[in-house]
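Let me begin by presenting the structure, written as structure tokens, before commenting on it.
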Amino acid sequence: MSVDMRAPSRRGYGHVLALLAAALLLASNRPAAFIATAAASTASTTEYDYAALLDASFFFYEAQQSGPLPPWNRAGRWQPGGWRDAAYMDDGKDIGANLTGGWFDAGDHMKFQLPYGWAASTLAWALADFPAAFADPPALRGVALRNLEYAADYIVRSHINASDVPSENTYVAQVGDTDTDHARWCRPEQCPAVEGPYRPTWLATPARPGSDVVGEAVASLAAVAMVLRASDPASPRAEELLRHARQLYGFAWSYPGTWEIPSGDYPYRYGNHEWVDDMLWAAAWMCRAHPPGTPSGAPSAPSTYCGDAAALWSRGSGMGIGWCPGMDWDNAFNEASVMMLGMGDRLGASLLSGVRTRMAQNLNLWHVGIQCTAPPPGYDANGDGIVDDGRICYSPRGLAHQMQWGTLRVTANAAALKLSFAQALAATGVPTDAVEAQRQRCWARRQIRLMLGDWGRSFVVGMGSPPPTRPHHSSAMCDPDPATPCDGATAALDRPNPSVLRGALVGGPRKDDSYEDNRMDYILNEVAIDYNAGFTVALAALQQLGRADVTDWDAYCGPFPSPSPSPSPSPSPSPSATPSPSPSPSPSPSPTPTPSPSPSPSPTPPPSPSPSPSPSATPTPSPSASPSPSGSGLCPAARWECGACDAPTPPGSPLAPARPACYACVNARGSAPSWQCHACLQKPAYTADQAATCLSCVAAGGDAWACQQTCTDLTTDPDLLPICSACASDPAVMAAGAWRCGSCMEAAVRANGADAVSGCSACVRAGRESWACSACGAKADAAARNACLACVLSSSAQWSCVV
């Protein structure tokens with residue numbers, strides 16, 4: 001059974017019907033299907049019922065509960081259509097602790113604290129920043145709050161040694177052994193009888209630190225405390241959560257590092273690269289949850305939570321984590337950044353100006369015109385015949401992809417970021433910001449709608465038509481009757497799952513828009529607690545907008561809110577700022593009756609800034625290319641790119657005088673992709689100087705995205721333009737990642753003038769770390785700045801030069 005998610009626009013009687021349907025949905029576990037029909041006076045199209053989807057998403061988290069189930073769990077066997085019961089009641093016994101509870105990670109029964117903390121804090125973010133989404137129907141807020149408090153309870157239970165003394169704290173990082181867990185299909189209630197009496201517990205300690213894992217726990221506790229306080233300002237439970245958050249924060253700061261399981265022991269499938277982003281997310285939440293000026297107790301004392309957030313953002317902005325288009329459990333930098341934009345009462349205007357600039361850069365990486373294509377021979381990472389290299393592209397139906405494994409998770413997370421960023425932009429009251437907020441919102445809405453049904457089917461279990469019926473989930477695929485055997489032979493049956501995992505977002509279609517509803521294909525049909533987290537934020541944002549700011553989505557976004565991209569010439573390789581995480585080892589589904597569940601889903605690839613789109617007029621050279629401009633003689637008539645230089649510039653743009661430079665750019669590029677030259681003329685707000693600089697940068701060998709996003713998008717200053725252009729087109733910098741040049745154009749560095757930008761750029765071009773170069777360039781005193789740069793250029797301990 002599935003629910004029709006189409007609800008009419010909020011006009012006429014349609015709103016009443018939507019309220020009635022949502023009320024019925026919240027009143028039962030397995031809601032009756034409903035079709036909310038628009039009255040004659042309403043808009044011609046209908047909006048999806050985001051309230052029903054929010055409720056369903058939290059139902060999925062209830063189905064993931066471990067340990068003794070609370071009486072309100074709607075997936076419990078005592079509920080209509082329920083199938084779950086108490087499971088893994090001996091968790092923690094190996095260390096003498098009670099670690100029952102929490103959420104299973106995915107279709108398996110592991111409990112990993114890194115994605116757990118990220119998912120819990122992200123869900124709380126939805127309630128904290130989009131509270132109106134949970135006001136109608138009123139029961140929806142209660143559903144969200146009890147699930148968030150349940151998640152926080154397990155985090156508190158995992159803080160097995162709690163102390164105000166950092167060295168005395170211990171935190172659980174993982175419960176379970178992935179190899180044992182993934183070796184069989186079984187009900188979680190019955191697996192322990194086969195696997196053994198209890199599961200191993202792995203800890204983060206001063207000797208084996210885990211600022212990433214602990215930082216996500218801090219963020220979760222602070223975020224849940226905030227939403228509890230919104231209902232009860234004197235909530236004693238909120239204060240208890242904050243006490244644990246403060247203790248864990250001091251522990252994570254005092255013993256920094258990413259958590260790793262002991263070598264040779266049970267594999268930790270969520271390997272992380274950095275802890276700075278997790279502690280930034282933690283510091284931002286602690287800043288929100290405490291009065292301004294509250295000491296944080298960090299080793300760099302005297303410090304405050306808000307001061308720590310500012311320092312960590314500045315540090316992260318110069319690292320690979322700071323140049324990424326999305327968010328996930330492996331990188332919370334963008335998530336923290338967009339939230340910080342709403343904290344102007346606690347963070348400085350100069351910092352937030354830099355945050356806004358960076359978020360505009362990172363989120364605009366999704367606005368490309370590249371259609372997903374088949375990989376070159378031998379470049380098939382997953383054996384599925386399609387590119388999976390982290391480069392953003394669009395499927396034929398318009399779905400944005402960055403990676404194949406969990407593709408909808410990645411795109412939903414981007415939608416959540418864009419909707420939060422748009423909320424911050426709209427709050428400024430500046431007309432141009434309102435226009436940009438509209439662009440970001442309509443992209444996000446288009447992508448979410450594709451997931452809900454506009455693609456041609458729904459990718460949310462139990463919702464829409466047709467929904468997925470065979471998610472890769474070892475509990476839902478079992479018969480609800482525990483006396484009925486459930487094992488690998490059951491998993492191999494070609495039938496819908498007997499129990500409906502309502503609200504779960506599956507991995508999603510391939511980049512060529514092919515999809516099979518097959519539980520054995522965990523790439524396309526995996527479900528996980530991190531998959532639904534950003535998705536829930538996006539749903540909440542769209543629900544809140546529809547209740548207040550946007551009463552007619554069709555009028556606001558138009559019929560095609562996300563333009564269909566055109567095929568483009570093969571772009572130059574995107575930079576990679578951090579080592580690319582390999583997907584988790586994944587066993588091939590076995591043809592025998594005992595197939596194994598898949599491992600946990602892999603993380604989003606590292607930053608892959610995508611090139612500017614190719615001209616949509618024609619993606620490949622045409623035999624009848626447009627001739628060169630009359631009398632120019634600068635560009636061969638046989639090259640279609642010459643005609644592209646003559647394409648109309650945006651209305652009101654002063655870029656026509658730059659056309660000769662565009663022809664020269666095409667000639668200079670030779671056989672290299674020269675559509676990038678034309679990209680420099682497609683910026684409506686560019687001055688002639690910006691366009692000319694962009695063209696000279698591309699002509700010198702730079703990629704258009706790098707020339708624009710690290711230089712000409714950031715300044716109109718004629719003294720700075722040639723400096724950043726030379727940096728962006730430097731072959732050595734391009735090989736290491738041209739995004740590094742952008743750090744020298746941050747507001748703090750630019751404010752110090754051309755000398756500071758020049759010094760920073762020279763530092764980057766010399767191969768030094770961009771965060772150190774930009775930190776030196778941001779020093780207001782010229783002598784201190786030059787001394788810092790000289791130190792960075794000559795020292796291997798670059799951090800010591802900056803502090």
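Just so you know, glycine gets a Cβ as well, placed from its N, Cα and C.
What TrEMBL says about this one:
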ACT_SITE  H472  active site
ACT_SITE  D517  active site
ACT_SITE  E526  active site
COMPBIAS  560-626  compositional bias 'Pro residues'
DOMAIN    50-539  domain 'Glycoside hydrolase family 9'
REGION    491-515  region 'Disordered'
REGION    559-632  region 'Disordered'
SIGNAL    1-27  signal peptide
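Annotated features taken from TrEMBL, shown on the structure.
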residue: H472; record: active site; CB count, 10 Å: 29
residue: D517; record: active site; CB count, 10 Å: 17
residue: E526; record: active site; CB count, 10 Å: 30
Residue pair H472 (active site), D517 (active site) - Cα distance, angstrom, rounded: 10
Helix, strand and coil counts within the region 'Disordered' (491-515) (DSSP): 1 helix, 1 strand, 23 coil
Rounded Cα-Cα span from E526 (active site) to D517 (active site), Å: 11
DSSP-derived class (H/G/I helix, E/B strand, else coil) of D517 (active site): coil
Averaged pLDDT, computed only over the residues in the domain 'Glycoside hydrolase family 9' (50-539): 92
